[in-house]
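Feature annotations, reproduced from TrEMBL:
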{"type": "DOMAIN", "residues": "34-290", "note": "domain 'Aspartate/glutamate/uridylate kinase'"}
{"type": "SITE", "residues": "LYS39", "note": "site 'Transition state stabilizer'"}
{"type": "BINDING", "residues": "GLY74, GLY75, ARG96, ASN210", "note": "substrate binding site"}
{"type": "SITE", "residues": "LYS271", "note": "site 'Transition state stabilizer'"}
Amino acid sequence: MVENQNAQQRFETAQAKASTLMEALPWIQRFAGKIMVFKYGGNAMISEELRAAFAADMVFLRTVGIKPIVVHGGGPQISAMLEKMGIESEFRGGLRYTTPEAMEVVRMVLTGQVARELVSHINSHGPYAVAMSGEDGGLLRARRFTTEVDGVETDLGLVGEVVGVNTTAIMSMIDAGKIPVISSVAPEIHDPASGEDAAGRAGLTGEILNVNADTAAAAVAAALGAEKLVVLTDVEGLYGNWPDKSSLISSLTVSELRQMLPGLVSGMIPKMSACLLAVEQGVARASIVDGRLKHSPLLEIFTDTGIGTQVTRDDDTGWQVPAPDYLVRPIYEEPQEVKNVNAAMQK
Ligand SMILES: Nc1ncnc2c1ncn2[C@@H]1O[C@H](COP(=O)(O)OP(=O)(O)O)[C@@H](O)[C@H]1O
Ligand SMILES: CC(=O)N[C@@H](CCC(=O)OP(=O)(O)O)C(=O)O
């Protein structure tokens, strides 16, 4: 009798697993071969367990034919190192005012610490991850960026916004089956309009700029025409009336977001600006998900409900997935040749 109960329990557990896999099937089909950019924020990498789960998720996506690209942050890790080294740092409009001294630390922490650790986690599954800084192979190019704080134009020091992405460099990695892990530092180019460059071209100035990782991820996603930008952070998503926890927004259009942007504060300013930029520039959808939740990338992509807040185009009519069609129409649209492999049985 006990044995029977165990068998029943085992069967039910196995059935639940099969249901979960089947829920993922139409999404796997929908997204196979597509590029997805994951922005992994410093506030979402808070434990070894979470970092390992994120790495496993990226390997899972690659294994089912999706092409993941990771753009990582590391704001809290940079702040901790700056504090340890006694270098003062402050945020203006959600972005770090970056002195040359602080820039050295930003570069060291992002490329030498955070990227290395992520690569090592992913590569514990196989030789997939390749760390790429925005400086490597001319991957990113940036221009100086100032921001408005309370209506006043505010200097940010060595901070940039991405104006160019070397898509060939990234695609060559993807085509080789790799998972690029990109750090958001970028060489500065002269503003061509300023005529600063003696050659009259938008040449490099020789400075390296600190780029907010949300902004860098959006630029990469837009340049590659990614299917999705997924931003992992430390809140459930965007709250319409922050910090009222009952005001979580599950979905909004770019027009609605554009109206909300001037009222946003702190880290949500670059984050939501990045989502807006990505979708306006052709990324089908962008979403903010809670990175403190283990396997949030898989939950966002492979479940019917999704999680967090998603930003859609104004004319987005919803993603249709083919699941129910399997029941009512043939899988193959073109005529299929069916070979009888055991003719003897027909006789
Ligand atoms: N409207 C809002 N909805 C959600 N979070 C908000 C909002 N306004 C401000 N925040 C703050 O923004 C933070 C996320 O931004 P940030 O700290 O820069 O994240 P990350 O390090 O992941 O890039 C949240 O932890 C929250 O404190
Ligand atoms: C200009 C600027 O603010 N750069 C960020 C870069 C890292 C980052 O964006 O990290 P998160 O994604 O973890 O916030 C910084 O210095 O903190």
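The backbone N, Cα and C atoms fix where each Cβ goes, glycine too.
In the three-state DSSP assignment, the secondary structure recorded for LYS39 (site 'Transition state stabilizer') is strand. Comparing the Cα of LYS271 (site 'Transition state stabilizer') with the Cα of every entry in LYS39, GLY74, GLY75, ARG96, ASN210, these being the recorded positions, the smallest distance points to LYS39. Restricting the binding-site residues GLY74, GLY75, ARG96, ASN210 to those with a CA within 10 Å of the CA of LYS39 (site 'Transition state stabilizer') leaves an empty set. Other residues of the chain with a Cβ within 8 Å of the Cβ centroid of GLY74, GLY75, ARG96, ASN210, the substrate site, are GLY42, GLY73, ILE78, SER79, THR98, VAL106, VAL109, LEU110, SER184, ASN212, ALA213.
Fewest Cβ neighbours within 10 Å among the recorded positions LYS39, ARG96, LYS271: that distinction goes to ARG96. Of the listed binding-site residues, namely GLY74, GLY75, the sparsest CB environment within 10 A is found at GLY75. Mapped onto three states, the DSSP output places GLY74 (substrate binding site) in coil. Closeness to ligand 1 is met by GLY75, these being the recorded positions among LYS39, GLY74, GLY75, ARG96, ASN210 whose Cβ falls under 6 Å from the molecule.
Here ASN210 (substrate binding site) comes close to ARG96, THR98, ALA102, MET103, VAL106, LEU158, VAL159, GLY160, SER184, VAL185: these same-chain residues lie at least six apart in sequence, with C-beta atoms under 8 angstroms from its C-beta. Proximity of the recorded positions (LYS39, GLY74, GLY75, ARG96, ASN210) to ligand 2: a Cβ under 6 Å from the molecule is found for GLY74, GLY75, ARG96, ASN210. LYS271 (site 'Transition state stabilizer') falls within a helical segment according to DSSP.
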